[in-house]
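Presented below is the structure to which this report refers.
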Amino acid sequence: MEILLAGLGASIGAMIRYAITNYGKKHWEWIGKQFSNLPTPTLLINLTGALILGIIFGLGTNVFFYSLVGTGVLGGYTTFSTMNTELVELYKSRNYHGLILYAVTSYLGGVILVFIGFWIGQLCK
């Protein structure tokens with residue numbers, strides 16, 4: 001049952017990511033240009049995913065909810081491989097400032113937001 005929930009959730013998360021990415025490429029390009037051409041949609045997706053996952057951990061949800069939302073939706077929603085591909089693209093274009101800013105914001109920001117989300121989840125228990 002849990003594997004079906006995770007699969008269902010992953011398809012939902014991937015569709016949400018696809019929609020946000022396409023919307024962001026059309027409407028948020030100016031934000032990325034302000035900050036060394038950062039891939040704003042992927043950054044937003046991964047950081048919000050980290051926050052939401054932290055909240056789920058903090059709430060201590062049951063295995064079925066975690067399978068659907070934690071593993072499934074958020075696993076399909078967030079994207080580690082796209083982020084790393086974008087880091088390589090920043091490197092190839094010699095945008096070293098953007099590369100460092102994106103890497104630090106993604107990795108450090110993700111860890112910080114997981115902890116903040118966990119704290120929020122604990123408060124909401």
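Using N, Cα and C of the backbone, Cβ positions are placed for all residues, glycine too.
The Na(+) binding site annotation in TrEMBL covers Gly75, Thr78. Annotated transmembrane segment per TrEMBL: 43-65, 99-120, in sequence order.
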Quiz prompt | Same-chain residues at least 6 apart in sequence whose Cβ lies under 8 Å from Thr78 (Na(+) binding site) | solution = Gly13, Arg17, Ile45, Asn46, Gly49, Ala50
Quiz item: Near the transmembrane segment (99-120), which residues from the same chain, at least 6 beyond its ends, have a CB less than 8 A from one of its CBs?
Solution: 35-36, 38-39, 43, 46-48, 50-58, 83, 86-87, 90-91
Self-check item: CB within-chain contacts under 8 A for Gly75 (Na(+) binding site), separation at least 6
Solution: Ala6, Gly9, Ala10, Gly13
